[in-house]
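Engineer: Starting off with a structure, shown below.
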């Protein structure tokens, strides 16, 4: 039986830090389901179809990574995809409070699904989608080192029109 984990997020956009986390999680699990959230209540840079498409392109050569979109409860999506764990990244202590609360709620909703926290590789510890969006607003050309090439192309398309 394959050990499957789900890695949820808005991924607006996916960063090299997210990619690193997926690659490292594959050392623990047989398959990672990257679950792209509809981002209820958030204004996103990219709509969900584009975010999902970019992530599929990033992992197109990795048969062990599946990309899906979802809305609703994460634990329901995890069950749907036979995941035994939720993978979450912790960049800083400030992430812990929120992630701990979410982990506790998910555990109450389905105690069979565990939450696994991974810290980023040092070179990715300061990268976030929020940072990428903030830099891109001022100078999209400066975000190329923070995101995969296909994501940079989408950012360039979006901001070179403005």
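For all residues, glycine too, the Cβ spot is worked out from N, Cα and C.
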Engineer: Kindly point out which candidate in 10, 130 is recorded by Swiss-Prot as part of the substrate site with 42, 74, 88.
Structural biologist: 10
Engineer: Which Cβ among the binding-site residues (18, 42, 88) has the fewest C-beta neighbours inside 10 Å?
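Structural biologist: Fewest other Cβ atoms within 10 Å, among the binding-site residues 18, 42, 88, is found for 42.
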Engineer: Using a 10 Å radius around its CB, how many other CB atoms surround residue 74 (substrate binding site)?
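Structural biologist: That number is 21.
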Engineer: Considering each pair of residues in 10, 11, 18, 89, 90, 91, 99, 124, 125, 126, 127, 128, 129, 130, all listed as binding ATP, report the largest CA to CA distance in Å, no decimals.
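Structural biologist: So the maximum pairwise Cα distance among the ATP binders is 19 Å.
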Engineer: Of these binding-site residues, 90, 127, which scores lowest on Cβ atoms within 10 Å?
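Structural biologist: Taking 90, 127 as the binding-site residues, the minimal 10 Å Cβ count falls on 90.
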Engineer: What Cα-Cα separation, expressed in whole Å, is found between residue 127 (ATP binding site) and residue 10 (substrate binding site)?
Structural biologist: 15
